Amino acid sequence: MEERSLNFLEEIIENHLAEGKYKNIHTRFPPEPNGYLHIGHAASICLNFGLAIKYKGQCNLRFDDTNPVTEETEYVESIMNDVKWLGFNWDELHYTSDYFEELYGFAVKLIEKGFAYVDDSTAEEMAAQKGDINRTGVNSIYRSRSIDENLQLFAEMREGKYPDGAKVLRAKIDMEHPNLLMRDPIIYRIKHAHHHRTGDKWCVYPMYDFAHGQSDSIENITHSICTLEFIHHRPLYDWFIEKLEIFPSHQYEFARRNLTYTVMSKRKLLQLVNEKHVDGWDDPRMPTISGLRRRGYTPESIRNFADTIGIAKRENITDVGLLEFCVRDHLNKIADRRMAVLDPVKLIITNYPEGQTEDLIAENNPENENGGTRSVPFSREIWIEREDFMEDAPKKFFRLGPGLTVRLKYAYIVTCNDFKKDEHGNITEIYCSYIPESKSGSDTSGLKVKGTIHWVSVPHAKTAEVRLYDRLFKVENPASEEGDFKDYINPDSLTILPKAYIEPALTETNPLDKFQFLRLGYFTTDKNSTSGHLIFNKTVGLKDSWAKEVKKEG
RNA sequence: AGUUCCAUGGUGUAAUGGUAGCACAACAGUUUUUGGUUCUGUUUGUCUAGGUUCGAAUCCUGGUGGAACUACCA
């Protein structure tokens with residue numbers, strides 16, 4: 001077992017443990033239930049849960065549900081499902097909404113200590129008072145209200161005496177602070193909205209800054225890990241904890257993970273879903289965890305990816321090729337091999353007896369000696385991949401063409417003698433002769449051939465719908481391009497093949513089963529696949545050094 | 001412009017004052033009844049200028065470049 005170096009958070013934690021600052025650590029994963037989790041969240045989940053596991057601490061799942069207008073139960077369920085699927089178990093399950101009464105009490109305490117006031121200013125007035133990066137802010141005329149008056153007004157806000165936007169509760173900090181967040185931030189606002197858990201009990205809701213850190217504190221979170229954009233919130237985070245005199249959780253920030261050829265913000269992903277650019281949150285082209293799952297990714301491959309990219313504080317955009325490497329690496333070990341022909345052309349073995357069939361033995365996975373075998377039917381007529389034949393083959397083309405010889409995987413060596421074309425010049429039939437002594441497993445022909453191709457027996461072939469996916473965007477970083485990110489959507493990201501030929505063994509499958517279609521790539525059975533209408537999603541192609549060769553020549 | 005953060009091959013990440021390493025990608029070869037897998041090798045990097053030091057990717061100073069912050073979102 002190789003000793004891996006520590007990332008900066010592990011270093012901090014090990015120091016804390018060594019100093020005795022904490023006896024054990026407690027982290028949390030705090031999603032807002034307003035969308036589905038994506039691969040960036042997966043990295044955060046692996047980080048928070050992984051740290052708890054590594055240092056024998058705890059990790060909570062907490063729904064940060066303080067904005068009733070964007071949050072829904074559907075999202076809560078999908079998030080719990082995704083976390084579990086990734087392989088993690090939370091120690092405690094919480095909702096910020098469970099703390100609403102306590103948070104309200106914290107706000108009252110702040111008012112009583114003279115650290116908060118009710119402000120009647122409009123949003124526009126407050127924005128104007130706030131100043132900006134270059135100008136300091138000015139105090140609101142409501143800033144000097146008495147404690148009693150503030151207490152009274154805040155109680156009335158809770159009672160529902162005022163409409164949305166009429167009043168807010170603000171922390172009284174410093175309108176000249178260089179950090180805009182410290183210029184008397186709003187901590188409670190009025191929203192007469194139905195909450196997915198508390199219903200209509202509340203019409204005032206705490207803001208993120210007055211909920212997150214307090215919830216961390218209530219749960220005795222020792223290391224509250226978030227992304228870099230919250231770094232400016234840390235002084236506020238600390239200020240509230242100090243003024244409230246509650247358990248001092250601390251916030252640590254790391255750089256969010258980005259991936260090439262996709263977008264990674266819930267807002268943008270929601271747009272793709274709402275505007276039907278994709279078929280829902282779990283569309284296999286989406287970088288969501290549910291999308292990756294439907295695409296055929298395994299939890300192991302995602303965890304390994306998270307581990308490989310590591311964490312740091314610098315801006316980054318990871319090549320999606322690394323994610324693909326991780327899933328190939330895992331699927332190569334666990335996926336059974338099957339044969340499927342996606343773009344078929346008929347091959348007839350002229351010297352093979354008509355009407356004869358043979359059951360050939362095929363190993364399920366050469367990487368797994370206990371993987372077993374299956375039977376594959378063979379006959380005089382087979383489907384092969386159109387790509388595997390060239391009328392004028394270049395020297396290094398180790399497939400079929402006039403006079404060329406290949407092995408049919410698990411079967412015989414065949415040589416092409418002739419072929420037929422239609423009026424458009426498309427190959428319609430290929431004629432070969434086979435060598436009876438070359439049968440796989442009992443080959444006495446003594447022949448060595450360079451190429452081996454896959455095939456499906458025509459009379460035995462079953463059919464399936466196969467969906468091929470390409471990257472969702474045409475550019476590496478759509479979010480950083482000029483204009484609307486949706487202008488960069490790849491119009492060819494989905495190709496549906498309604499009728500591919502598959503070997504009979506492939507009909508015995510359930511959603512999420514993983515296969516390697518020999519020489520083509522990894523495929524998984526779609527959630528909507530039935531025995532009457534099989535559907536396979538392409539997870540990722542195999543490495544294709546021939547395609548690379550062709551590209552170089554071209 | 002103010003504040004804060006960041007800067008190591010094409011990408012991601014190590015080296016915590018002492019040989020710049022690992023993974024992906026790329027390239028060459030090996031093995032192979034998958035042009036897959038395996039295995040071997042190669043190319044490519046410390047933003048810049050000073051300073052401290054026997055010695056600096058690391059510490060200090062200046063510069064340059066990038067990012068974040070100006071929602072009754074989180």
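Cβ coordinates are placed from backbone N, Cα and C, and glycine is handled just like the others.
Applying an 8 A CB threshold to same-chain residues 6+ apart, the list for A:SER265 (ATP binding site) reads A:ALA479. In the three-state DSSP scheme, A:SER265 (ATP binding site) falls into the coil class. Feature annotation from TrEMBL assigns ATP binding site to A:GLU32, A:PRO33, A:ASN34, A:THR227, A:MET264, A:SER265, A:LYS266.
Counting only residues at least six positions away in the same chain, the Cβ atoms of A:PRO30, A:PRO31, A:GLU32, A:THR96, A:TYR208, A:ALA211, A:HIS212, A:SER215 sit under 8 Å from the Cβ of A:ASP64 (L-glutamine binding site). Taken from TrEMBL, the feature L-glutamine binding site covers A:ASP64, A:TYR208.
Under the heading domain 'Glutamyl/glutaminyl-tRNA synthetase class Ib catalytic', TrEMBL lists A:25-332.
The domain 'Glutamyl/glutaminyl-tRNA synthetase class Ib anti-codon binding' feature in TrEMBL is assigned to A:335-434.
Here TrEMBL flags A:452-526 as domain 'tRNA synthetases class I (E and Q) anti-codon binding'.
Summarising the annotation, TrEMBL assigns motif ''HIGH' region' to A:31-41. In this model, the motif ''HIGH' region' (A:31-41) carries an average pLDDT of 98.
Among the features that TrEMBL reports, motif ''KMSKS' region' is placed at A:263-267. Beyond its flanks by at least six residues, the motif ''KMSKS' region' (A:263-267) meets 34-36, 38-40, 256-257, 287, 473, 478-479, 485 of its own chain at Cβ-Cβ distances under 8 Å.
Here ATP is bound by A:GLU32, A:PRO33, A:ASN34, A:THR227, A:MET264, A:SER265, A:LYS266 per the record. The longest Cα to Cα distance in that group is 18 Å. Counting every protein chain shown, the Cβ of A:GLU32 (ATP binding site) has 17 other Cβ atoms within 10 Å. In the three-state DSSP classification, A:THR227 (ATP binding site) falls within a strand. For the binding-site residues shown (A:PRO33, A:ASN34, A:TYR208, A:THR227, A:LYS266), fewest C-beta neighbours within 10 angstroms: A:THR227. According to DSSP, the domain 'Glutamyl/glutaminyl-tRNA synthetase class Ib anti-codon binding' (A:335-434) comprises 3 helix, 53 strand, 44 coil.
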